[in-house]
Amino acid sequence: MSTLHYLVLAPFIMAIFVPFLYKIRHIHTGWFVLALPLVLFLYLLQYIPIGVSMVPVEEIVPWVPRVGINFSIYLDGLSLLFALLITGIGTLVVLYSIFYIANKKDEPLNNFYVYLLMFMGAMLGVVLSDNLIVIYVFWELTSLASSLLIAYWFHKEKSRYGAQKSMLITVTGGFAMLAGFCLLYIMAGSFSIREIISYFAQVEFNESLFIPAMLLILLGAFTKSAQFPFHIWLPDAMEAPTPVSAYLHSATMVKAGIYLVARFTPVFGGTPEWFWIITSFGLVTLIWGSISAVRQTDLKAILAFSTISQLGLIMALLGLGSASFLDSVAEVAIIAAIFHLINHATFKGSLFMVVGIVDHETGTRDIRKLGGLMAIMPVTFTISLIGIASMAGLPPFNGFLSKEMFFTGVLEATTLSVFNVGTLGIIFPIVAWIASIFTFVYCLIMFFKTFTGKYQPEKLEKDAHEAPIGLLLSPIVLASLVVIFGLFPNMLSYTIIEPAAQSILPYIVDPYINIYHWHGPNTELFMTIGVVLFGVLVFINLKRWQEATFFLHERDPLNRVYDGGLDGLVSGSKRVTNLQLTGLLRDYFVYMSVFMILLLSWTFFRYDALAFDFTNVSEISPYLWVITLVLIGATISIPFIQHRITAIIGVGVIGFIVALLFVVFRAPDLALTQLLVETVMVVLFLLCFYHLPELRKEKFKPKFRMTNLVISIGMGAIVTLIAFSAHAMRHNLNFTPISQYFVENSKPLAGGYNMVNVILVDFRGLDTLLEVLVLAVAALGIVALIKLKVKEGQDV
Amino acid sequence: MEILMILTVGVLVSVSTYLLLTKSLLRVILGIVLLSHGAHLLFLTMAGLKEGAPPLLGEEAASYADPLPQALILTAIVIGFGVTAFLLVLAYRTYKEHKTDDLDQLRGSADE
């Protein structure tokens with residue numbers, strides 16, 4: 001175990017201590033937790049290469065080495081970028097949560113921090129592992145933690161709905177991803193991403209499993225990263241406390257899908273399917289998210305759809321950039337994707353926190369009730385201004401730089417010479433431009449509806465005032481980063497962006513990273529100016545837009561598919577269950593017997609096991625004929641007896657004849673036991689029958705009676721066949737019974753002459769002990785059944 | 001003898017299965033009793049009948065009947081007794097609570 005292993009496990013270990021730290025009630029539990037992500041972040045900083053090229057670190061701990069499952073840590077540029085995001089934003093979020101969630105008496109802070117730490121560890125595990133199975137385990141853990149955090153205020157119906165939805169959608173994707181991983185294993189013979197990459201670097205892409213594996217893995221990535229049409233879970237996940245939304249549902253977890261796509265670009269990149277699927281899903285998500293954001297009235301919902309749209313943007317860039325395996329024109333798209341990933345984490349994180357502050361201080365997030373907060377909350381206003389300007393893509397903030405690079409990326413993609421891009425490529429910049437206009441519009445909505453206009457204190461639950469410094473601290477840090485990265489973007493380019501780009505495109509030795517504010521009057525600049533002009537135009541005419549039917553509904557229409565599907569699933573499974581679980585004992589016995597008959601006869605035919613041998617039989621004395629025939633006769637008569645005493649006598653006769661047969665077949669102990677048990681049993685039957693009603697004639701429909709008859713005869717026949725075959729094989733195949741051991745060792749080892757008794761109490765003593773236990777439990781049950789008094793109205 | 005015993009076992013199993021499929025709780029219990037008889041005889045028959053002396057070393061015989069199936073059957077008889085006794089009392093209690101021993105009427109309500 002290396003330090004990096006402990007780095008992944010540290011949050012889990014910390015989580016164990018949280019419930020104990022929660023006992024110290026006068027200190028907010030968050031203060032104890034805060035130290036951990038901070039230490040991890042500072043530790044990870046040392047891996048940033050300054051002036052040298054990044055050397056990946058690999059540490060392997062075997063887990064199940066026989067099937068190639070190892071807990072192997074692989075830290076390269078891409079992992080480092082994500083690990084820094086997870087721990088860095090994590091620190092700020094924990095700090096923010098200390099002030100956001102007050103340390104009230106009944107506030108389950110211990111749950112909150114345990115889930116949060118669980119998520120942090122799992123997410124670090126996803127981005128630092130090299131082994132696909134380990135990634136999958138951590139991947140599902142992040143889904144679980146996310147679901148638990150969404151349902152943190154589980155008394156709210158909407159929280160539970162959102163938690164269930166995110167769980168169902170992301171875990172379904174995770175399962176698909178696992179299947180994809182297994183297909184990769186079948187092809188490459190390894191679960192290690194390193195080895196899979198080097199395998200696919202050598203062979204031609206002609207494997208029939210290649211495309212299915214790609215589709216399944218993409219399903220996992222798309223569900224996690226809220227790509228259209230799986231994005232519907234993200235707006236409902238906004239029921240989580242705002243620190244969680246800022247952390248999981250904007251900065252880190254939803255980027256796990258992005259990570260996965262980036263990670264697998266060296267494997268699948270360069271194929272037309274990978275290029276077209278990712279690019280088109282990304283672009284559709286981009287435009288759908290930005291258009292949907294415009295019609296929201298809840299600030300957090302605007303941010304949720306904005307996140308969806310931005311994730312689509314990064315996804316589309318990764319798709320376009322995957323072409324750079326064939327055409328180096330597309331490299332800029334990858335650089336833009338990485339750069340925008342960092343910028344999005346900073347400005348969206350600060351905006352989520354700001355919205356949390358507005359919610360915290362005014363009691364609402366509804367833009368119809370808010371307004372005029374500029375003068376009342378000046379610090380919050382400043383932070384929002386920076387965040388929103390960056391999100392809208394205005395200079396000099398970092399969002400402007402990556403938006404320009406995004407435009408460069410889509411414009412370069414139109415000149416791609418591969419994948420028959422041709423004239424179709426013109427779609428990329430058009431979609432990007434339209435989506436950017438809507439992005440600009442919702443930025444304007446967020447800004448003007450919240451901070452300008454008339455202050456309406458009568459609509460607010462609380463008297464609005466500026467937030468305490470603790471709440472403001474984290475968004476201030478993020479907003480400063482927005483400004484710093486905006487002014488000095490090149491501090492990132494060779495420390496973070498280049499190593500990450502090298503992990504995505506391993507063959508690039510020295511990528512050309514060109515982040516400048518001023519490129520001269522080129523197409524990108526005119527696109528930005530166009531976005532601003534048209535955005536303002538749309539915003540001014542927003543009233544008219546809002547009268548269109550599309551804008552009347554806030555909920556995404558795709559939710560109907562999910563809700564209907566879920567209802568159908570529940571009612572469908574109920575119907576299937578009710579069909580088979582009739583509540584009648586007979587039906588269950590029918591299932592079991594029919595299944596046994598079918599399974600056994602299938603096995604007989606499958607292995608050709610049927611055998612008959614009528615030699616090697618012992619002779620039958622005449623008195624045995626009589627006994628056996630009486631036994632058979634008594635047995636057959638039982639179902640026809642309508643009188644209960646006669647039935648008992650019949651069963652008693654059978655029992656005593658069986659005892660007699662035991663005597664004949666050299667089994668004195670059995671005979672003794674059987675006699676004893678049979679006597680007691682008859683007495684028991686009589687006792688019970690005293691209380692029970694008379695047997696009645698069975699009133700089955702003729703069809704039922706016939707089925708019962710056929711099943712019983714089938715059961716008897718199959719047992720008879722088994723017995724015949726076993727009997728024949730015993731002699732023909734010369735099996736030696738294992739009993740010789742007991743015959744030889746009864747005396748020397750156990751000191752007993754009666755072999756059956758020796759086996760029971762000595763060789764198989766533990767079995768007998770448990771048998772006594774069974775009897776004891778049965779006895780207790782009997783006593784309880786007789787003595788237990790049930791009060792009126794109580795269920796049994 | 002083996003052939004005859006195998007056929008007897010077949011009859012026992014058939015009849016007990018038929019009893020298990022009936023609606024009366026008592027017949028179901030009788031079916032279980034018969035089924036265990038059938039299983040015991042099947043076991044004994046499979047080990048071979050009338051071969052050697054009873055498994056008592058004091059007999060000092062050249063060969064003994066196989067002791068292992070006998071030990072297993074002995075366990076089965078005792079367990080079977082426990083189960084039957086429990087079922088009988090369960091039937092008694094069910095009848096006292098619900099005033100019927102008809103399994104058709106004893107099914108749960110529709111919403112279960």
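From the backbone N, Cα and C atoms, a Cβ is placed for every residue, glycine too.
Unlike curated records, TrEMBL annotations are generated automatically.
Listed in TrEMBL for this protein:
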TRANSMEM  A:6-24  transmembrane segment
TRANSMEM  A:31-57  transmembrane segment
DOMAIN    A:67-113  domain 'NADH-Ubiquinone oxidoreductase (complex I) chain 5 N-terminal'
DOMAIN    A:129-423  domain 'NADH:quinone oxidoreductase/Mrp antiporter transmembrane'
TRANSMEM  A:244-262  transmembrane segment
TRANSMEM  A:274-294  transmembrane segment
TRANSMEM  A:301-326  transmembrane segment
TRANSMEM  A:332-358  transmembrane segment
TRANSMEM  A:426-448  transmembrane segment
TRANSMEM  A:469-488  transmembrane segment
TRANSMEM  A:525-542  transmembrane segment
TRANSMEM  A:588-605  transmembrane segment
DOMAIN    A:630-694  domain 'MrpA C-terminal/MbhD'
TRANSMEM  A:671-692  transmembrane segment
DOMAIN    A:705-787  domain 'MrpA C-terminal/MbhE'
TRANSMEM  A:768-786  transmembrane segment
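Proximity of distant same-chain residues to the transmembrane segment (A:469-488), defined by a Cβ-Cβ separation under 8 Å and at least 6 residues beyond the stretch ends, is recorded for 92-93, 95-96, 98-100, 342-343, 346-347, 349-350, 353-354, 356-357, 360, 379-380, 382-383, 386-387, 390, 395-401. The transmembrane segment (A:274-294) makes contact with the transmembrane segment (A:301-326): 3 or more of their CB pairs lie within 8 A, with pairs spaced 6 or more apart in sequence. Each residue in the domain 'MrpA C-terminal/MbhE' (A:705-787) gets a DSSP state, and the totals come to 71 helix, 1 strand, 11 coil. DSSP places the residues of the domain 'MrpA C-terminal/MbhD' (A:630-694) in helix, strand and coil in these numbers: 56 helix, 0 strand, 9 coil. Shown for the domain 'NADH-Ubiquinone oxidoreductase (complex I) chain 5 N-terminal' (A:67-113): DSSP residue counts in helix, strand and coil, namely 30 helix, 7 strand, 10 coil.
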